[in-house]
Amino acid sequence: MKTLLLTLVVVTIVCLDLGYTLKCNKLIPIASKTCPAGKNLCYKMFMVATPKVPVKRGCIDVCPKSSLLVKYVCCNTDRCN
């Protein structure tokens, strides 16, 4: 009984994500990646002239300001970009 309980505890610890890790979409290949420590935002960058076609996606620490040519959209939930 103790062995079974210990096994369940170990499996639970291994399966749980003890520290929150953000997952953001990448552009190429279309997949997600786990963000490193300190990068707590997902971002999507696209040209203002073609707002439906993202140019870059990934993890970032601070959302950059958009300009006349480039727009950034940032968010803080898994795969939100």
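Using N, Cα and C of the backbone, Cβ positions are placed for all residues, glycine too.
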Exercise. Considering the candidates Cys59, Cys74, which is the cysteine that Swiss-Prot reports in a disulfide bond with Cys63?
Worked result: Cys74
For this session: Using the record from Swiss-Prot, pick out the residue from Cys35, Cys80 that is joined to Cys59 by a disulfide.
Result: Cys35
Exercise. Choosing among Cys15, Cys42, which residue does Swiss-Prot name as bonded to Cys24 by a disulfide?
Worked result: Cys42
Exercise. Here are some disulfide-bonded residues: Cys42, Cys59, Cys74, Cys80. Which one has the most Cβ atoms within 10 Å of its Cβ?
Worked result: Cys42
Exercise. Near Cys35 (disulfide bond), how many other Cβ atoms are within 10 Å of its Cβ?
Worked result: 19
Problem set entry | Assigned element (helix, strand, coil) containing Cys59 (disulfide bond), judged by DSSP | strand
Seminar exercise, completed: Around the Cβ of Cys63 (disulfide bond), other Cβ atoms found within 10 Å total 14
